[in-house]
Amino acid sequence: MRQILTAKQLRAAEQRVFDAEPDVDLMGRAAQAVARVTDAVVPTGTVLVAVGQGNNGGDGLFAAARLAAHRPVLVWLAMGSAHEAGLEAAVVAGAQEVDAVGAIKALAECSVVVDAVTGLGSRPGLPAEVETFAAACQAQGVPVVAVDLPSGLGADDARVHPSFQADHTVTFGAPKPCHVLNPAASRCGVLHVADIGIDAEPTMLRAAEESDIAAWWPVPGARSDKYSRGVLVLDTGSESYPGAALLSCAGALHVGAGMVRYAGRAPSGLIMSRFPSVVIGDGRAEATVLGSGWGDRDNAESRVEWAKLHQLPAVVDADALYSLPSGRLDGWLLTPHAGELARILGCTRAHVESQPLECVREVARTTGAAVLLKGATQYVAELSGRVTIAVPGPAWTARAGSGDVLAGICGALLASGLPAWKAGVLGASIQAMTAARNPGPYTPDELSARMPAVIAELAAAR
Ligand SMILES: NC(=O)C1=CN([C@@H]2O[C@H](COP(=O)(O)OP(=O)(O)OC[C@H]3O[C@@H](n4cnc5c(N)ncnc54)[C@H](OP(=O)(O)O)[C@@H]3O)[C@@H](O)[C@H]2O)[C@@H](O)CC1
Ligand SMILES: Nc1ncnc2c1ncn2[C@@H]1O[C@H](COP(=O)(O)OP(=O)(O)O)[C@@H](O)[C@H]1O
Ligand SMILES: [K+]
């Protein structure tokens, strides 16, 4: 599990290191990591380092000094002034200074650019000259290694602003929100988290890793049976949207539900013809999935209320999200995408997309349920305010029906006895990991059929 630190939390962690060891050279360690990644990404040719006036520029200059020992290095002081000791080290090592015009001209001969304009102290956006330079790097296809974060982004901000488009980003101690929250994360390229001796304490924002998914996956044991593995009732689909019923069945079955009962309004013959192991009709269960493919259903509210009355943990998806019963929904998992979350909150989709953490936390706080906000980055918020980001996957999954499969997956995991937040994180992650291992436009049900192989791989790795 990776802890995600805000700029303020990272600075506090840095301060603790300085307090314990006043002479520690954190900047030297940061520069060493930047030089190492730069050499690994593009081993030869001229490096052009764009330098700002703060400590981010300092990292860039000390990295320039290291690189200049074995390859040509140019430095551009993009804000006029720069970290004095860093500049001296770079010049002594042989780096050559260029001005703004020289920097743009030099791009034609450079093999890589190091962006050390701003980091944790970054205000969103770039001065005009730097923005022009960043655009030229992209237009000319020169790879960019960003120091700490692509200059122009805000460290704690999910939004994109005029900024560098990095191919690689070398950050220190722990990822910051901009490295994991989309769309900002899409500007970071490959993220390298360098250990420079800063300890990241547990925070209210963290990102799950594949090793967590492997460790948490509910693998059956010798004493397991279909009941102990979890019985799931799917009330999904409708006469108008029978496909959603099939997709939720596919999701639940392919992640190993002990038993799936189908109690929705899609034709039972259709379900049986595709999934003969599904039992038709309601019955004893450990969890239910409500809402996927319901459309405008007449008894939506009473059906959701029914689950609450029977204290049946529910995955609430799609149309059922607008029929939530009052009171605390402990043990439930809500699975909205940004548009659905906006409708629940009575705000715009754009607001949810620019403030995803605040919005997902707000619904978890007011309902007591765990809330999985779906999309390019998938967030699972709990009542406590803790948010866990699922393992990311490729955008191939962004297509109609993926959410129906995901609801079935999460339902099966909830039925297995996992807490709702963990069911959400595991469900979103396994779908993303399967897509990552099977790139291409597979349909959501085809992709679900590839999940057992990924789960077997995870179980074998434990
Ligand atoms: N502490 C440590 O020992 C370690 C720190 N480390 C490194 O330090 C970095 C943080 O350094 P930092 O605090 O000096 O801030 P930094 O990101 O360089 O920017 C501040 C300067 O940029 C300017 N500026 C900002 N935005 C702007 C904009 N949009 N347009 C124009 N100007 C803008 C801003 O101007 P001002 O706001 O003052 O007007 C100020 O002059 C961190 O990311 C990591 O790389 C590592 O070495 C590990 C050890
Ligand atoms: N950009 C993206 N990258 C990766 N996965 C995505 C992206 N956008 C959406 N997804 C995934 O696609 C699914 C879409 O869900 P949803 O919008 O509810 O679809 P539907 O309701 O049509 O089934 C979600 O499971 C989400 O995880
Ligand atoms: K930077």
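Every residue gets a Cβ built from N, Cα and C, even glycine.
A quick note: this is a predicted structure, and the numbers were derived from the prediction, not measured.
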- Item | Residue from ALA244, ALA456, ALA459, ALA460 that TrEMBL also lists as binding (6S)-NADPHX with GLY293, HIS337, ASP404 | ALA244
- Would you mind pulling the longest C-alpha to C-alpha span across ALA244, GLY293, HIS337, ASP404, which the record has binding (6S)-NADPHX, in angstrom? 16
- Task: Using a Cβ cut-off of under 6 Å to any atom of ligand 2, determine which of the binding-site residues ALA244, GLY293, HIS337, GLY403, ASP404 qualify.
- Result: HIS337, GLY403, ASP404
- Taking the Cβ of HIS337 ((6S)-NADPHX binding site) as the centre, count every other Cβ atom within 10 Å, in any protein chain shown. 19
- Could you list the residues of the same chain, at least six apart in sequence, whose Cβ is under 8 A from the Cβ of GLY403 (AMP binding site)? SER292, ASP317, ALA318, THR335, HIS337, LYS374
- Once DSSP output is merged into helix, strand and coil, ASP404 ((6S)-NADPHX binding site) belongs to helix
